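*Asks:* Annotations for this protein, taken from TrEMBL, read as follows:
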{"type": "ACT_SITE", "residues": "His97", "note": "active site, proton donor"}
{"type": "BINDING", "residues": "Trp31, Ser65, Phe66, Glu67, Cys89, Val90, Ile91, Phe122", "note": "5-amino-6-(D-ribitylamino)uracil binding site"}
{"type": "BINDING", "residues": "Asp94, Thr95, Arg136", "note": "(2S)-2-hydroxy-3-oxobutyl phosphate binding site"}
Amino acid sequence: MATHLKNLSDFSHTTIPSASPYHFAIVTAHWNAEITGALYEGAYQFLIKQGADPDHILSLTVPGSFELSSGADMVLQHKKVDAVICLGCVIKGDTPHFDYICSAVAHGVTNVGIKHSIPAIFGVLTTDNELQAKERAGGRHGNKGEEAAATAILMASLKSQLQ
Ligand code: DLZ
């Protein structure tokens, strides 16, 4: 089932193909669990809505966003999936920790995807405060987990067309 996304700004003119042919992994960070749980629900339900088989969605939790790339790497070493979605939420604090984690996870997710030649999707909120995060995890700015899932389907489809 193809869906035209009207409400997700990044995909307003994009038709998302059916997810039914593909296997996915969703790696979710436990830190800020209320937010990342909402991102996970958004991503999971979007894959299902697009026709993914629940048995073809592998879900894994890692402690924090910093561990997303190694979690994704473990999945890709041991499981055959067409895309891995990495979900996390890093909220700015009073120390430079935020910058280190954001930079590490962005590079890590990019590198793990390139290493395995499998789309690795960056679904990590990096916000100044909790309100901004909530607004993007099912609030007035939508659910970035859904957008990450849409990206995963698009990339899995793109890859299959090149094979
Ligand atoms: C340590 C830490 C801090 C301060 N903040 C966050 C955060 O906002 N979001 C997040 O996902 N993780 C945070 N972490 C944990 C790190 O991601 C990581 O789990 C630890 O540094 C251990 O490697």
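Glycine residues also receive a Cβ, built from the backbone N, Cα and C atoms like all the rest.
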*Asks:* When the Cβ positions of the binding-site residues Asp94, Thr95, Phe122 are compared with the atoms of ligand 1, which fall under 6 Å?
*Replies:* none
*Asks:* Could you list the residues of the same chain, at least six apart in sequence, whose Cβ is under 8 A from the Cβ of Val90 (5-amino-6-(D-ribitylamino)uracil binding site)?
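*Replies:* The list for Val90 (5-amino-6-(D-ribitylamino)uracil binding site) reads Trp31, Asn32, Ser65, Phe98, Ile101, Cys102, Val105, Val124, Leu125, Thr126, Thr127, given in order along the sequence.
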*Asks:* 5-amino-6-(D-ribitylamino)uracil site residues Trp31, Ser65, Phe66, Glu67, Cys89, Val90, Ile91, Phe122: biggest Cα-Cα distance, Å?
*Replies:* 16
*Asks:* Using Cys89 (5-amino-6-(D-ribitylamino)uracil binding site) as the reference point, find which of the recorded positions Thr95, His97, Arg136 has the shortest Cα-to-Cα distance to it.
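*Replies:* That would be Arg136, nearest by Cα distance.
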*Asks:* So, three-state DSSP: helix, strand or coil for Ile91 (5-amino-6-(D-ribitylamino)uracil binding site)?
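*Replies:* The residue in question, Ile91 (5-amino-6-(D-ribitylamino)uracil binding site), is strand (DSSP, three-state).
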*Asks:* Looking at the binding-site residues Cys89, Ile91, which one has the fewest other Cβ atoms within 10 Å of its own Cβ?
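*Replies:* Selected from the binding-site residues Cys89, Ile91 on minimum Cβ neighbours within 10 Å: Ile91.
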*Asks:* Among the recorded positions His97, Arg136, which residue has the largest number of other Cβ atoms within 10 Å of its own Cβ?
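*Replies:* Comparing the recorded positions His97, Arg136, the most crowded Cβ belongs to Arg136.
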